[in-house]
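According to Swiss-Prot:
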type     : residues    : note
DISULFID : Cys21-Cys98 : disulfide bond
MOD_RES  : Thr167      : phosphothreonine
REGION   : 295-331     : region 'Disordered'
REGION   : 385-417     : region 'Disordered'
TOPO_DOM : 45-64       : topological domain 'Cytoplasmic'
TOPO_DOM : 128-198     : topological domain 'Cytoplasmic'
TOPO_DOM : 255-417     : topological domain 'Cytoplasmic'
Amino acid sequence: VLPFSAALEVLGYWVLGRIFCDIWAAVDVLCCTASILSLCAISIDRYIGVRYSLQYPTLVTRRKAILALLGVWVLSTVISIGPLLGWKEPAPNDDKECGVTEEPFYALFSSLGSFYIPLAVILVMYCRVYIVAKRTTKNLEAGVMKEMSNSKELTLRIHSKNFHEDTLSSTKAKGHNPRSSIAVKLFKFSREKKAAKTLGIVVGMFILCWLPFFIALPLGSLFSTLKPPDAVFKVVFWLGYFNSCLNPIIYPCSSKEFKRAFVRILGCQCRGRRRRRRRRRLGGCAYTYRPWTRGGSLERSQSRKDSLDDSGSCLSGSQRTLPSASPSPGYLGRAAPPPVELCAVPEWKAPGALLSLPAPQPPGRRGRRDSGPLFTFRLLAERGSPAAGDGACRPAPDAANGQPGFKTNMPLAPGQF
């Protein structure tokens, strides 16, 4: 729509014929109405998010969101299709003239359906959001939490609307923690409140940009004496277009989530891809460890899907503590040995005696080869002395005898190595 409107303003006349002029005018009303109704739907969504923050995922489902989007476009089509069906003023004799339909009753109908009714819904929803946010903030700030150490009871007191006290008590045996519950509620409410503030800015700019046009259009159509000059009408007409340029600026500046979404949509991820490739080159090798197999050993993993660089369980250039592997029943009751330090070097192979010793089998399972649990992890190569400037990875010397050793934080069962 916008390129054709710009061509009309620059050239001063319409060059695409009468039929395309009618289509352009209808599509212009369709897109503007869909934009305004979308803000109306978002305001309802924000009210639900603030009023029912904990129940929001169950109230607003994917299916309901799709139905809301379909409703927005169906209503927009109903409002905009009138001129294509003949509900318009007589066409001028000159095909080089083209503009929005100024038929009085259609102008009134489209103004009510496209702007004034959605605006009333938006204002009502935001008044409700403000009331709920103010009341909820006051109640959460006035809430008093106590912990009785002797009886191990947790008491949460929240002053509600009629200033009565609701006491919620639970014991540790039940595993319910009111403090964690109120923390979740505070987090969700603050997030929804911030989103509502962002949308409030958007709605404010929407009113400032569209209100002059929807005042000038119906008044100029119904009363010829109140029709504004062409220059004024063009200014208010393009002011409505300008609102669509503001929204992509307001959303990222007010919300990190929207900013990340815009960056992802625009495809500005080249820098992130380069960083990930650099981490893969410098981060060592991916290995697979099968702890309870007969002859359990460390194997070089060939699948990128098993690499912890993609799953976020390993950071390049630093060490991450790996979770301890649970021992088999055959090892229960034995004292856990100190962690063995391992280091994997791409060009250096560890002696086979260290990596291929058979692991003891749990009772009743001898003679069987059970794959057991699979642990995939990344052993980051340690650099040697500072003088080694070639970037090669060398084994770290063992603290006891100066021999090359390995380094990891995962404790191994006795007799595994």
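Even glycines carry a Cβ here, placed using N, Cα and C.
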Number of helical, extended and coil residues in the topological domain 'Cytoplasmic' (45-64), per DSSP: 14 helix, 0 strand, 6 coil
For the topological domain 'Cytoplasmic' (128-198), the mean pLDDT of the predicted model: 55
Neighbour count (Cβ, 10 Å) for Cys21 (disulfide bond): 21
